[in-house]
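K.L.:
Let me give you the structure first, and then I'll get to my questions.
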Amino acid sequence: MVAMAATKAAYIFSTSISLLLLLIPVALAKDHHTHGTSYLERGSSVFIEDGTTTTTTTTILASPNGLFACGFYKVATNAFVFSIWFSGSSAKTIAWTANRDAPVNGRGSRLAFRKDGSMALLDYDGTTVWSTNTTATRASRAELLDSGNLIIMDPDGRSLWTSFDSPTDTLLPSQPMTRNIKLVSASARGLLYSGFYTLYFDSDNELRLIYNGPDISSIYWPAPFNQPWVNGRTTYNSSRYAVLEQTGKFVASDNFTFEASDLGDQSLPELTSTLAHTCRVHEKEADSSSQMFQDGSSKFKFGYFLSSALTLLFIEVTLIIAGCWIVYKWERRPEITDEGYMIISSQFRVFSYKELQKATDYFQKELGSGGSGAVYKGVLDDERKVAVKKLNDAIQGEQEFRSELSVIGRIYHMNLVRIWGFCVEKTCKLLVSEFIENGSLATVLFDYQSLSPVLQWAQRYNIAVGVAKGLAYLHHECLEWIVHCDVKPENILLDKDFEPKIADFGLVKLLQRGSSAQMLSRVHGTRGYIAPEWALNLPITGKADVYSYGVVLLELVKGIRVSSWMVEGKEEVEMAVRCSTEILKEKLAGEDHSWILEFVDYRLDGEFNHSEALMMLKIAVLCVEEERSRRPSMSQVVETLLSLVE
């Protein structure tokens, strides 16, 4: 039991956080100087397209000494954060980030220094993603100082807000760490999202490092069961103050200190809370050598680590005795490496296969199946109902699969099914998503034998609007644009209020990584909903989804599957759609629209909005145009549908 606990403790804490002293060499030559202004005037606004752009950065401000720059930092294909970085570093090492957990779009996003004295980051649609939350009538300018501190000041030079007061995971030289400041680690190496480790002063005036994960929380450092004096600390100084000096020495009010040896010339130290196995001094470049800290008063010795290890072992044994389910849960977790995309975010959970077996009662209750896999109903330990999808053809490796999920897991829209987690074990790949109460639109709309009430017109129009909004988000608004490739009633789910949620978005990316034109020219989708460009072997764009959406609109109005439409002499579904829309075009072009009463689902008994039905049919006909350039975008569809609602 003790051996097992020791092994488990080593596993749980092997990817633990440490304090790294990164040595950032600063090139002082003029050709490394970042050109640009160091300040913004009140009332000014800078769009992401306006800055000085490199491969990964768009500079808005540069410090007078050229050591620091701030602006938009690229974290994904179409995702940016507002950050401060070392401009002299080839890697553009980040020192501070405003919106680490909420990147903005790469087009149309802007930084605004508002007239009310606050600074704000706005996404492409004007949504405020981050703000200084300050209102100062005397605020005159925002400036990036030589120290790397971004400040808002009044005309007399007094500071009204500073980035030093709200650090992310890094302290710069002379930047104080006080009782109100916390450093939060990145979620994984190579990612900026908030992680599980926090460095802060606790109520006992002691500097602590805690782990607060989704399943367990604990004090990681210093050894929690030791008296403060054993750890070389004092709790009598209530100032709760620490600072990283220019020399590379870190000094805290609880008597904890350390300093880096061999800083070298023209190097700027930086204290970062990050993922690591041991405490090391690193050079800026990733392949540089590393050294252990040399400490004047609290040296990192083997005895200290042995004491900490024994303490952690004691904690683990206690937890095993008090609740075996904790150890059991950890043992069932799949092995996770510390690659950047292996830990996606705190909201996106990794499940074990056994957990999902238990949740689904060994995959007993099948909700449905399709080309990508079968879906099963399940209930998690916290009593949340979920839908678990077994992917049939996810043939790529675990690394690529997780990389795709790192994108899809961050997508959120009220008209998209929320993905809560995943499982990757051997050849099994499963997705875990929220359970949607009323099932698919196909079941509700086409089941004429059901005793359930007929889907009313207002509900149908709301579904049309909601699906359009979801697709518009995937095509135009989310961080990495996604083509669904299989829009159909089976993939449109209805919640308890009959709000639509699109399912299976992004599965083409998951099933076959690499969205090249050649790959997407291989047919995906369902007969009757497939756009003509699939058969023509053309590169697939969002207009393929627009076509499928048009077919769904026709079915919403008519109340039957397009494959059931009878067109004399036309046996192919695609030909039936084409001929039917040609007939509709002629009728819509006329002045007499009395025929709509017979066209709309007879089960409604004429209870429908004539203008809305006419608009839906006009949009549907445009969406199923054979020439894709003549189809509207989903954003245009949303705008047109909402014009009647307003």
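Each residue, glycine too, has its Cβ placed from N, Cα and C.
Please treat TrEMBL annotations as automatic predictions, because they have not gone through curation.
Below, the features straight out of TrEMBL:
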type	residues	note
SIGNAL	1-29	signal peptide
DOMAIN	45-165	domain 'Bulb-type lectin'
TRANSMEM	302-328	transmembrane segment
DOMAIN	361-645	domain 'Protein kinase'
BINDING	Lys390	ATP binding site
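Burial and contacts for the listed features, if you can.
P.N.:
Taking Cβ-Cβ distances under 8 Å and a sequence gap of 6 or more within the same chain, the neighbours of Lys390 (ATP binding site) are Phe363, Gly373, Ala374, Val375, Tyr376, Cys428, Lys429, Leu430.
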K.L.:
For the domain 'Bulb-type lectin' (45-165), what is the mean per-residue pLDDT, to the nearest integer?
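P.N.:
A mean pLDDT of 87 is what the model gives the domain 'Bulb-type lectin' (45-165).
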K.L.:
For Lys390 (ATP binding site), which of the three DSSP-derived states applies: helix, strand, or coil?
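P.N.:
Once the DSSP labels are grouped into three classes, Lys390 (ATP binding site) ends up as strand.
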K.L.:
What is the three-state DSSP composition of the domain 'Bulb-type lectin' (45-165), stated as helix, strand and coil residue counts?
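P.N.:
Once the DSSP states are binned, the domain 'Bulb-type lectin' (45-165) shows 6 helix, 58 strand, 57 coil.
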